[in-house]
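**Student:** Pulled from Swiss-Prot, these are the listed features:
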SITE      THR48  site 'Part of a proton relay during catalysis'
BINDING   THR49, ILE208  pyruvate binding site
SITE      TYR111  site 'Part of a proton relay during catalysis'
ACT_SITE  TYR137  active site, proton donor/acceptor
ACT_SITE  LYS166  active site, schiff-base intermediate with substrate
Amino acid sequence: MRQIVLRGMGVALITPFKCDGTVDYPALSYLVDYQLQNGIDYLIVLGTTAETPTLSYEEQKEIVRLVVSIVRERIPIVVGVGGNNTQAVIHKLNTEDFGKIDAILSVVPYYNKPTQDGIYQHFKYIAQATSLPIILYNVPSRTGVNMTAETSLLLANDFENIVAIKEASGNIDQIGVIIENKPSGFQVLSGDDELSLSLIGIGAVGVISVIGNVFPKEFGKMIRLALNGDSDNARIIHGQFAELFELLFIEGNPAGVKGMLNVMGFIENKLRLPLVPVLEATYERIKKALLMFRTQ
């Protein structure tokens, strides 16, 4: 089953909004074209960076439809399908059309803080409910619970359609255990732009990126250099991103990346509550950092 190739850089696409709060579909079309023109390896739609919890069912369907129509099977499309209600996730998988989708990204259940056995059972039933390739997503800073290496490996070994994990725990030792003991064909992806070089250095095959929304060509080049063993030149590019990494998350994601895209003239600086744009002081820092990055 493990057929989808996730090597390289996938980009977790933002959702642009107009000043009136509606989805800015023309801006979204532009962003997807921008990613394609700059050589990304795959797209992630309706993830955390997309502000998916604030999108209506109709908006989610239209966003996926639009992205599929623009991409036209040139690169894989991964759609976020997760939640803390196992039956609701299964219902979604059983009732919606995923015919043009290459894989799903499914987050560890959040808020209700399941045990490791609960996490295992959650993904077991999801894996049994679909033939789609599944990318596990471990992000304890958001979910409130960490999926251990042991649970991740158990799922990877038990279900052929669980093909990868986006690891955003920040725990390099834990991620290393997964990489060392994973079954053949199972792919480990960095869920953190800043840690991507370190994780590729121990065997990760790429990254699901936020900064790639802004700099797909430059960040993608860094990832490819690292994967091809040119760590020296990859580190040079990584160093150029240092301040931008900080600004991405200083007031939360996607506030930082949306501020950057606004400075570049791609989108309105608009988020949906309870998320808000970065403060003016941070916005000014973003402007200066982008100017410095462009002149390097």
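Heads up, the Cβ atoms here are built off N, Cα and C, so glycines get one too.
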**Student:** Quick check on the recorded positions TYR111, TYR137: which one has the highest count of other Cβ atoms within 10 Å of its Cβ?
**Tutor:** TYR137
**Student:** Using all protein chains shown, find which of the recorded positions THR48, THR49, LYS166, ILE208 scores highest when you count other CB atoms within 10 A of its CB.
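**Tutor:** Neighbour-count leader: ILE208.
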**Student:** Which recorded positions from the set THR49, TYR111, LYS166 come within 10 angstroms of TYR137 (active site, proton donor/acceptor), judged by C-alpha positions?
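**Tutor:** Matched recorded positions: LYS166, sequence order.
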**Student:** Just the number: how many Å between the Cα atoms of TYR111 (site 'Part of a proton relay during catalysis') and LYS166 (active site, schiff-base intermediate with substrate)?
**Tutor:** 19
**Student:** If I take the Cα of LYS166 (active site, schiff-base intermediate with substrate) as reference, which of the recorded positions THR48, THR49, ILE208 has the closest Cα?
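**Tutor:** The smallest Cα gap between LYS166 (active site, schiff-base intermediate with substrate) and any of the recorded positions is with ILE208.
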